[in-house]
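Comments concern the structure below.
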Amino acid sequence: MSPGLRNLQLTPVAGGKKSSSAGSLEDAHDLEDVRLLDSYDEGDDSLVRIEEGTRRIHVRVTGMTCAACSNSVEGALRNLDGVFTASVALLQNMADVVFDPTLVKDEDIKNAIEDAGFEAEILSEPSTVGTKPHGTLVGQFTIGGMTCAACVNSVEGILRDLPGVKRAVVALATSLGEVEYDPTVINKDDIVNAIEDAGFEASLVQSNQQDKIILGVAGAFSEIDVHLLEGILWSLKGVRQFRVEIALEELEVLFDPEVVSSRSLVDGIEGGSNGKFKLHVKNPYTRMTSKDVEETSKMFQLFTSSLFLTIPVFLIRVVCPHIPLVDAFLLWRCGPFLLGDWLKWALVSIVQFVVGKRFYVAAGRALRNGSTNMDVLVALSTSAIYFYSVCALLYGAMTGFWSTTYFETSAMLITFVLLGKYLECLAKGKTSDAIKKLVELAPATAILVDKGGKCIGEREIDSLLIQPGDTLKVLPGAKLPADGVVVWGSSYVNESMVTGEAALVLKEVNSSVIGGTINLHGALHIQATKVGSEAVLSQIISLVEAAQMAKAPIQKFADFVASIFVPTVVAIALLTLLGWYIAGVAGAYPQEWLPENGNYFAFALMFSIAVVVIACPCALGLATPTAVMVATGVGANNGVLIKGGDALERAQKINYVIFDKTGTLTQGKAKVTTVKVFSEMDRGEFLRLIASAEASSEHPLAKAIVEYARHFHFFDENFLSEDAQNNREEFVQSGWLLDVAGFSALPGRGVQCFIDGKRVLVGNRNLLSDSGVMIPNDVENFVVELEESAKTGILVAYDDNLIGVLGVADPLKREAAVVVEGLMKMGVRPVMVTGDNWRTARAVAREVGIQDVRAEVMPAGKADVVHSFQKDGSTVAMVGDGINDSPALAAADVGMAIGAGTDIAIEAADYVLMRNNLEDVITAIDLSRKTFSRIRLNYIFAMAYNVVAIPVAAGVFFPALRVELPPWAAGACMALSSVSVVCSSLLLRRYRRPRLTTILEITTE
């Protein structure tokens, strides 16, 4: 490693915590930095806020040896008046204290610790006095060496106790941990060191720090090349810090994005070396995959090594005694022992302490952290067998009484456990296939052209170096390298891999495109608009990854069982040992039950060890996370993005689904179907007046009215482009719209403005009534007719006189009625909520088959409707697409945002339906139900396995059936139990979205 450092403070990206103020747009953007941790409790003890008038210090505490010591120090500190929070990290020998400096002094804190029997030293780190919380970073770390839920709990506990760590989440299935931390208090190296001090392996994968890039370097072969590379980096402006790993051909650079861009950095290095060095950006997900492959390969090497050494031991024990010549050779005495014993001892010692070293290391770190796991059981059982056999040999050499040894049992046990671990690694790798497939959608390179789109120059660049504003050329059959807008050409694009929608989509100039989709026919030039983490594909990957990281509430059961499992099993094993040994000494069973040259202790020990070995906490720990991982991946492949295991768990209990009307049940493409003038005004002038009033409104109905009025004036279908609809200046320049003053939009009612000094009102009855405009009976009857035919009646008043009515219809989605019927067949009650009037709402509900309707509901009132259904404990889902649906989406137990809706609605929801198809509501509920059926099956198997296997291993059935489970066979059962749970979860990969014909029991010919 060749470090190159500059004495500059790295600038963190302000993450911003979620404000208590709901609905703020700023909050929605701030959530981006903590999206992966949103599912965790805001009240986490590790989340320390520094309020005005408080002080925070770090204290080094020496003399602590266990968790009881750290609890003692925390108790002493919290008992001080004026101390708000006190967190003690045992492994770091450090206390983090937040207190009121007017009530307690630094010296008081030091004295309190010393009075508790420990030594204390106030660290000279800069303290925080009366300042607001700093911006946070979210880092993702790979954690190697975890084997079960107890390991996860141990690592999470260590991370959460670190000063400056806000939140920590660890996932066993992916071997990943995500940590939100304050970079002014702790850095990534401190976090990695803390994990490694606990006995695990750790490395940073990625963070939301925007000024770091990891590059693969080709062409650097010697120290001279490294010095050349360092010289180039030192000469580049904006480079803050760098590190060269010549062995890994890797370069890590921290830079100031305000001074130099990542592409300029790469171009500068390649240009400075005159083409000697070729650089490419290392994708963090690809790096993670390589680490998974490396872990699997390492486990396979350990297994094959153990198998290679165990087979001779097994042959010496079982096969060789039946071959006279070989048996005579093995019975040749060599010193105090037979040659066969020497060979078995030598081979098994290598298996026990070289190949099996990982079990001792893992067991040691678990016990050091005050927890227990499967490695403790394996180390305990194999050590007992090995050392018993060694003692039996020594006892025979000293007394002449030779007892049976069980060296082969220890070796076979380790071999079977390693086989199980290897198969488990393979199976767990398949659970993350969804993310791998999503990552592979993005092309590795892109063709960059000049911004004008004229091919003056083209060059191939790394797709991870694309910047907003770049013009990119996409050839037929190639993948689009970034989200953007078409600036030249036309073609059909297959977006099914991102949206799940199979139909091809025509892309022309000004059409939006999504990175990772496939261009089929013509060449395109696109202008990149969203790159990196802002791209649709990256957000999908982040959502899937976040869902796989988040723990479902049902996982708490497995965590609790894991915390008491190993101590319980060890206690049962001791009782088994004592029971069989005492019973044998007391003559409770005949000596014929003993093996040849055996004794009561060895007989009892084999039962006891079988109990320790066969018990498997891993199956319980893997039951939930593996199923959630597979389900979220399957959901993404079907266009349903799930934000976490908790959302997945709630969705399978849904009792009510509340649909927003406009844009959810309907297509959101309103059209004017009826126009009637109730005054002497000309029809054309009437439409011109309304269009002038509505041209400044963003409401879908307003756009429909303006489009209809313009078409009436110009009779030109080509003039109805979407861009022209949204361009007020184009309207004015056309000379047909009137000048408007005092425009105001009134949510849920309509619009108001002044034209030629006279007030114009366009909206519903409430707007006109509240404004003092009388509605004649004939007009009222006409509006009622419109509403009863599922149309929205819009009333128009000019100079406080009603002058006309428009009827606007929004066609229903073709699948709406079938989906509603399907939900009722599934036992879910559909409800419709809308701000429209009651007659229109009932007419629409009648068409789709919904019985329960809530109409004339203001945006804020939709959340109240959700709460009204939740009062009796029902689980409520809300399906919506707009900003006005966000409060209801957040209030619902399960919020489902239509993918074509707004970013704010998608941010507030638990599910994102990418296809904008209501059938995905059924898919989301069905997938969650099947996932949790699988999780329950996993738990039943894991619990039943232990409930049945432990008594068999303990010899409960031996007196009656003579059924005895040798320790090596118990080890094989244990290894296969966890593999079987993972394979059970993998069966979810065969999930297929439900067919509505099946749900509705429709027979098709």
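Cβ from N, Cα, C; glycine included.
TrEMBL lists 14-24 with the feature compositional bias 'Low complexity'.
Taken from TrEMBL, the feature domain 'HMA' applies to 55-121 (among others).
In the domain 'HMA' (137-203), helix, strand and coil residues by DSSP number 22 helix, 24 strand, 21 coil. Taken from TrEMBL, the feature domain 'HMA' covers 137-203 (among others).
What TrEMBL records for 1-26 is region 'Disordered'.
Residues annotated as transmembrane segment in TrEMBL: 345-364 (among others).
What TrEMBL records for 376-398 (among others) is transmembrane segment.
As annotated by TrEMBL, transmembrane segment applies to 404-423 (among others).
What TrEMBL lists as transmembrane segment is 557-580 (among others).
As annotated by TrEMBL, transmembrane segment applies to 600-623 (among others). Through the fold, the transmembrane segment (600-623) approaches residues 147-150, 152, 172-173, 373-374, 377-378, 380-381, 384-385, 388, 392, 403-404, 406, 409, 413, 424, 428, 558, 561-562, 565-566, 569-570, 572-574, 576-581, 584-585, 593-594, 935, 938-939, 941-943, 945-946, 949-950, 952-955, 958, 964-967, 970-971, 973-974, 977-978, 980-982, 985 of its own chain, all at least 6 residues removed from its boundaries and within a Cβ separation under 8 Å.
Only residues 6 or more beyond the boundaries of the transmembrane segment (939-961), in the same chain, are considered here, and those with a CB under 8 A from a CB of the stretch are 557-558, 569, 572, 576, 580, 589, 593, 607-608, 610-611, 613-616, 619-620, 623, 970, 973, 977, 980-981, 984. Taken from TrEMBL, the feature transmembrane segment covers 939-961 (among others).
The transmembrane segment annotation in TrEMBL covers 967-988 (among others). Same-chain residues lying 6+ beyond the ends of the transmembrane segment (967-988) with a Cβ under 8 Å from its Cβ atoms: 381, 385, 406, 408-409, 412-414, 416-417, 419-421, 423-424, 427-428, 430-431, 606, 609-611, 613-616, 618-619, 622-623, 626-627, 629-631, 634, 930-931, 934, 937-938, 941-942, 945, 949, 953.
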Here the stretch out of 345-364, 376-398, 404-423 with the most C-beta pairs under 8 Å to the transmembrane segment (557-580) is 376-398
For the transmembrane segment (345-364), the distant same-chain contacts (Cβ-Cβ under 8 Å, at least six residues beyond its ends) come to 145, 147, 151, 199, 302, 305-306, 309-310, 312-313, 337, 373, 375-376, 378-380, 382-383, 386, 389-390, 393, 407-408, 410-411, 414-415, 417-418
Restricted to the domain 'HMA' (137-203), the mean pLDDT of the model is 85
